[in-house]
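Copied over from Swiss-Prot:
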type     : residues               : note
BINDING  : Glu40, Gly45, Ser441   : Na(+) binding site
BINDING  : His61, His378          : Fe(II)-heme a binding site
BINDING  : His240, His290, His291 : Cu cation binding site
BINDING  : Tyr244                 : O2 binding site
BINDING  : His368, Asp369         : Mg(2+) binding site
BINDING  : His376                 : heme a3 binding site
TOPO_DOM : 1-11                   : topological domain 'Mitochondrial matrix'
TOPO_DOM : 41-50                  : topological domain 'Mitochondrial intermembrane'
TOPO_DOM : 87-94                  : topological domain 'Mitochondrial matrix'
TOPO_DOM : 118-140                : topological domain 'Mitochondrial intermembrane'
TOPO_DOM : 171-182                : topological domain 'Mitochondrial matrix'
TOPO_DOM : 213-227                : topological domain 'Mitochondrial intermembrane'
TOPO_DOM : 262-269                : topological domain 'Mitochondrial matrix'
TOPO_DOM : 287-298                : topological domain 'Mitochondrial intermembrane'
TOPO_DOM : 328-335                : topological domain 'Mitochondrial matrix'
TOPO_DOM : 358-370                : topological domain 'Mitochondrial intermembrane'
TOPO_DOM : 401-406                : topological domain 'Mitochondrial matrix'
TOPO_DOM : 434-446                : topological domain 'Mitochondrial intermembrane'
TOPO_DOM : 479-519                : topological domain 'Mitochondrial matrix'
TRANSMEM : 12-40                  : transmembrane segment
TRANSMEM : 51-86                  : transmembrane segment
TRANSMEM : 95-117                 : transmembrane segment
TRANSMEM : 141-170                : transmembrane segment
TRANSMEM : 183-212                : transmembrane segment
TRANSMEM : 228-261                : transmembrane segment
TRANSMEM : 270-286                : transmembrane segment
TRANSMEM : 299-327                : transmembrane segment
TRANSMEM : 336-357                : transmembrane segment
TRANSMEM : 371-400                : transmembrane segment
TRANSMEM : 407-433                : transmembrane segment
TRANSMEM : 447-478                : transmembrane segment
Amino acid sequence: MAITRWLFSTNHKDIGTLYLVFGAWAGLVGTALSLLIRAELSQPGTLLGDDQIYNVIVTAHAFIMIFFMVMPIMIGGFGNWLVPLMIGAPDMAFPRMNNMSFWLLPPSFLLLLASSGVEAGAGTGWTVYPPLAGNLAHAGASVDLTIFSLHLAGISSILGAINFITTTINMKPPAMSQYQTPLFVWSVLITAVLLLLSLPVLAAGITMLLTDRNLNTTFFDPAGGGDPVLYQHLFWFFGHPEVYILILPGFGMISHIVTYYSGKKEPFGYMGMVWAMMSIGLLGFIVWAHHMFTVDLNVDTRAYFTSATMIIAIPTGVKVFSWLATMHGGTIKWDAPMLWALGFIFLFTVGGLTGIVLANSSLDIMLHDTYYVVAHFHYVLSMGAVFAIMGGFIHWFPLFTGYTLHETWAKIHFGVMFAGVNLTFFPQHFLGLSAMPRRYSDYPDAYTLWNTVSSIGSLISLVAVIMMMFIIWEAFAAKREVTTYELTSTMLEWLQGCPTPYHTLKTSLVQINHQMIKS
């Protein structure tokens with residue numbers, strides 16, 4: 001019965017599929033909002049109305065893309081599908097909690113959409129800084145609904161994190177050490193630890209904001225002895241690990257894709273890759289104030305946060321060069337997932353370089369809240385996280401469905417998307433260097449050219465999104481079934497066949513000669 005299968009499912013594959021479908025749907029909503037933003041900015045003058053409406057759209061775009069697209073797809077979708085298969089577990093450690101983790105997301109999404117629909121909407125930016133988010137500048141229920149939405153999404157992620165940590169540590173076969181698990185499993189494990197440690201701090205911050213708004217507390221109100229900068233510290237102590245949460249599972253997927261399409265049986269520098277991810281996870285917690293260089297931190301604090309931020313480039317560089325070394329000497333198979341992986345490596349590196357620029361507190365004073373920052377984080381998210389999702393989706397699509405995507409169209413789709421996102425975000429570096437500020441719906445005429453170019457790029461990206469929907473439809477319509485897969489000895493998830501049976505590995509695994517086989 002469909003209702004019992006999809007509503008009450010405790011099967012990691014079904015829940016993973018639910019996450020993927022939900023994330024894809026939310027991604028379309030987020031994409032629609034981004035196109036509204038670029039339509040508004042395509043020429044000087046107003047399109048949508050006042051800046052409140054514009055900022056509500058910007059805020060909703062950010063929340064949807066982060067909490068309802070990237071995280072559900074990467075952690076909920078790929079994580080649920082692949083982690084149990086890769087470690088040879090029959091399912092997740094807590095299958096019913098897994099179900100609850102998913103079903104907290106649709107109500108959370110509904111609350112976020114409601115927040116945009118009632119009163120004037122939450123036009124605070126995704127950071128929700130007071131006093132703008134206080135009950136004077138944002139009277140009404142909008143910000144409160146946003147806070148409740150974040151609470152639900154946060155609970156969902158914390159439960160999911162507990163589940164992934166328990167699963168990866170406890171549900172491996174006895175013969176498999178933690179250092180024999182695939183890199184994607186490591187990336188999800190580290191991501192889960194980051195979620196578990198950072199989300200409670202966000203919950204504390206937004207709960208204090210909630211009481212400031214409704215119960216007359218003054219945590220963030222100087223009139224009662226509070227400090228709005230405290231909120232920024234609490235938010236960014238979550239917010240910076242969050243951006244690593246968004247990219248780490250992508251690192252794991254890229255490692256698998258690069259290894260597979262280079263014809264290698266393992267990635268270059270496995271232990272280096274693991275330690276690099278652990279270093280990134282740790283360092284991600286001690287650099288948060290680089291988002292706050294303009295709030296009058298003292299010079300020693302600025303010097304520390306500048307240096308600590310730059311240190312993150314080292315483990316990141318280890319990963320980039322290990323991916324390149326994995327390809328070295330291999331027989332490269334130029335399939336679509338490999339194109340996405342190569343695009344990821346190049347564009348993520350570009351985004352990382354602009355990040356090094358922004359890490360300098362002196363430069364950041366001038367660049368903070370300009371389009372240079374927007375360009376930076378869209379290079380690592382819109383071209384990092386999203387490219388990893390696309391590559392992973394195409395690579396594992398046969399595993400999920402038993403069908404293969406149309407290879408030529410998948411490559412054309414990559415080309416269109418690559419052109420679109422670069423045309424959208426590269427010019428934004430120029431706008432930022434010319435001091436165009438973020439979060440404004442209009443701008444002086446001098447900025448017209450690059451804004452128009454950027455908006456044309458967003459339309460090309462839209463064409464790519466529509467192409468992807470068509471390519472997926474085509475695969476299900478044509479029903480090209482998978483015939484054979486190589487490298488199953490080191491790619492454990494493929495061992496069950498394509499598509500994977502509903503229940504896998506009810507018997508335990510034993511390890512013989514580095515090959516996992518059914519006992």
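Placement of Cβ uses the backbone N, Cα and C atoms for every residue, glycine included.
The model shown is predicted, which means the values in this text are computed figures rather than measured ones.
Features recorded in Swiss-Prot, as mapped to the structure shown.
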residue : record                     : DSSP (3 states)
Glu40   : Na(+) binding site         : helix
His61   : Fe(II)-heme a binding site : helix
His240  : Cu cation binding site     : helix
His290  : Cu cation binding site     : helix
His368  : Mg(2+) binding site        : coil
His376  : heme a3 binding site       : helix
Ser441  : Na(+) binding site         : coil
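Within its own chain, the topological domain 'Mitochondrial matrix' (87-94) has Cβ neighbours under 8 Å at 10-12, 80, 162-164, 166-168, 170-173, 176, 181, 185, 492, 503-506, 508-509, 516, counting only residues six or more beyond its boundaries. The transmembrane segment (95-117) shares the most Cβ pairs under 8 Å with 51-86, out of the stretches 51-86, 270-286, 371-400. Of the candidate ranges 51-86, 228-261, 299-327, 336-357, 371-400, 371-400 contributes the most Cβ pairs within a distance under 8 Å of the transmembrane segment (407-433). Within 10 Å of the C-beta of His240 (Cu cation binding site) there are 23 other C-beta atoms, taking all protein chains into account. For the topological domain 'Mitochondrial matrix' (401-406), residue counts in helix, strand and coil come to 1 helix, 1 strand, 4 coil, using DSSP. Taken residue by residue, the topological domain 'Mitochondrial matrix' (1-11) breaks down under DSSP into 6 helix, 0 strand, 5 coil. The transmembrane segment (299-327) is in contact with the transmembrane segment (228-261), judged by 3+ CB-CB distances under 8 Å for residue pairs 6 or more apart in sequence. Averaged over the topological domain 'Mitochondrial matrix' (171-182), the predicted model reaches a pLDDT of 92. Long-range contacts of the transmembrane segment (141-170) within its own chain (CB-CB distance under 8 A, at least 6 residues past either end) are made by residues 59, 63, 67-68, 71, 75-76, 79, 83-84, 87, 89, 92-94, 97-98, 100-102, 104-105, 107-109, 111-112, 114-116, 118-122, 124, 128, 133, 178, 181, 185, 188-189, 191-193, 195-196, 199-200, 202-203, 206-207, 209-210, 213-214.
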